[in-house]
Amino acid sequence: MKTLTAEEMYAYEKNIMNNKGVPSNVLMECAARATVKQMKQTISKNDGITVVAGGGNNGGDGLAVGRILHNEGFQVEILVIGNPEHYSEQNRLQQQIAKKYGVAIETHLEKIDFTKTKVIVDALFGIGLSRPVKGVPLQAIEKINRAKQARVYAIDVPSGVSSIEGKILGSCVMADETMTFGFYKHGMEKEELKNVFGDITVDDIGFYY
């Protein structure tokens with residue numbers, strides 16, 4: 001299995017955006033639609049869906065996934081965790097779009113009942129995590145892992161897994177399925193992490209170099 005580190009993946013994305021002229025929001029929309037397409041193979045419109053999004057671009061992917069599912073008639077709630085002052089530009093844009101479509105966005109972890117949701121989308125942290133998770137994000141990961149009744153879909157990598165080092169940094173989401181884009185990420189090749197990633201699907205989302 002060929003895998004890319006976070007740095008290598010960022011270089012590929014930079015090439016696509018800077019040299020090929022594909023905007024980052026287009027890549028994000030493609031990633032979100034690929035994720036929704038895969039999820040729809042195993043979810044139903046009777047399932048309550050909770051998207052847990054961070055403040056970066058991985059969270060932006062999750063916000064786009066939540067908005068698309070909402071627009072297709074699924075029951076969706078989105079939890080955004082992070083300092084609003086540090087939201088990425090694409091994350092802010094996706095929040096604005098989601099709100100205009102009437103998607104419910106919550107920013108307080110304690111207001112989400114993880115014991116009732118049937119589907120969780122993990123979009124808290126992406127491939128570039130460089131330090132152990134702590135504080136509210138760690139609490140969110142623990143709540144996700146305790147929600148045994150829910151099927152957990154991770155976007156790109158389960159939160160808490162670093163594709164810089166190819167290992168878990170402290171604690172991580174235990175995903176049933178991981179949707180990753182372009183290439184397998186560093187860590188996915190490791191036997192000891194198979195139960196962390198669950199089933200892995202790679203979608204090229206139109207990556208042409």
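For all residues, glycine too, the Cβ spot is worked out from N, Cα and C.
The structure displayed is predicted, hence computed values, not measured ones.
Take the (6S)-NADPHX site that TrEMBL assigns to Asn57, Asn58, Gly59, Gly60, Asp61, Gly126, Ile127, Gly128, Leu129, Ser130, Arg131, Pro132: the candidate from Asp113, Asp156, Asp176 listed for it is Asp156. When Asp122, Asp199 are compared with the K(+) site residues Asn58, Ser159 in TrEMBL, the one appearing in that site is Asp122. Asn58 (K(+) binding site) carries a helical DSSP state (H, G or I). Distance from the CA of Asp122 (K(+) binding site) to the CA of Asp61 ((6S)-NADPHX binding site) is 10 Å.
The two recorded residues Asp156 ((6S)-NADPHX binding site) and Asn58 (K(+) binding site) have their Cα atoms spaced 8 Å from each other.
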